[in-house]
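For reference, Swiss-Prot has these:
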- 55-84: domain '4Fe-4S ferredoxin-type 1' (DOMAIN)
- CYS64, CYS67, CYS70, CYS114: [4Fe-4S] cluster 1 binding site (BINDING)
- CYS74, CYS104, CYS107, CYS110: [4Fe-4S] cluster 2 binding site (BINDING)
- 95-124: domain '4Fe-4S ferredoxin-type 2' (DOMAIN)
Amino acid sequence: MFPMVTEFMNYGQQTVRAARYIGQGFMITLSHANRLPVTIQYPYEKLITSERFRGRIHFEFDKCIACEVCVRVCPIDLPVVDWKLETDIRKKRLLNYSIDFGICIFCGNCVEYCPTNCLSMTEEYELSTYDRHELNYNQIALGRLPISIIDDYTIRTILNLPEIKT
């Protein structure tokens, strides 16, 4: 008789424990129900990037002195700088500057070490193309002013800040 009573008590304890675990899982599910959705409708909604975001590189042709510091600090020697030495004034004249964004790792070393600040990072991150050769930007494409998402009235911008719990 006693083994039957102990088995029944064991069964009751296991039932209570299982109900408690199910209740804990349900409480976690309910706590997540009040949160905002994580997904965004991408073409129509875009996240506002942070101030230090590393997007497409912007290049100012007039400021560049063709010192090639950007090439030396790049971990993959990516920027292609073509220049000609002007013998009468003993200065380099920049002929062509290009970066292949298909290879670029967006480390930002070229921007950080540029002595004339002719390179800067923008908030543009939409660089996808159907042909990888279109990702090779010359000085004209690099000099194009960045498109700001904040100024586009057709796109709903979403601030990407962590929630502060009070």
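Placed from the backbone N, Cα and C atoms, the Cβ positions cover glycine too.
Location within the structure of each feature annotated in Swiss-Prot.
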residue : record                          : DSSP class
CYS64   : [4Fe-4S] cluster 1 binding site : coil
CYS70   : [4Fe-4S] cluster 1 binding site : helix
CYS104  : [4Fe-4S] cluster 2 binding site : coil
CYS110  : [4Fe-4S] cluster 2 binding site : helix
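Nearest to CYS104 ([4Fe-4S] cluster 2 binding site) in space, judged by Cα atoms and limited to the binding-site residues CYS64, CYS67, CYS70, CYS114, is CYS70. The [4Fe-4S] cluster 2 site is defined by CYS74, CYS104, CYS107, CYS110, and by the 8 Å test on Cβ atoms against their centroid, the other residues of the chain that qualify are ILE57, CYS70, VAL73, PRO75, ILE76, LEU78, PRO79, ILE99, ILE105, PHE106, GLY108, ASN109.
The C-beta environment of CYS70 ([4Fe-4S] cluster 1 binding site), restricted to residues of the same chain at least 6 apart in sequence and closer than 8 Å, consists of PRO79, VAL81, ASN109, CYS110, TYR113, CYS114, LEU119. It is 20 Å from the Cα atom of CYS67 ([4Fe-4S] cluster 1 binding site) to that of CYS107 ([4Fe-4S] cluster 2 binding site). Geometry remark: CYS64 ([4Fe-4S] cluster 1 binding site) versus CYS107 ([4Fe-4S] cluster 2 binding site), CA distance 20 Å. Beyond its flanks by at least six residues, the domain '4Fe-4S ferredoxin-type 2' (95-124) meets 49, 53-65, 67, 69-70, 73-76, 78-84, 132, 135-139, 142, 146-149 of its own chain at Cβ-Cβ distances under 8 Å. Across the domain '4Fe-4S ferredoxin-type 1' (55-84), mean pLDDT in this model comes to 94. Listed in chain order, the extra residues whose Cβ falls within 8 Å of the Cβ center of the [4Fe-4S] cluster 1 site residues CYS64, CYS67, CYS70, CYS114 are ILE65, ALA66, GLU68, VAL69, VAL81, CYS110, PRO115, THR116, CYS118, LEU119. Less than 8 angstroms from the CB of CYS107 ([4Fe-4S] cluster 2 binding site) sit ARG54, CYS74, PRO75, each of them six or more residues away in the same chain. CYS64 ([4Fe-4S] cluster 1 binding site) has a Cβ environment of 19 other Cβ atoms inside 10 Å. Of the listed binding-site residues, namely CYS67, CYS110, the sparsest Cβ surroundings within 10 Å are found at CYS67.
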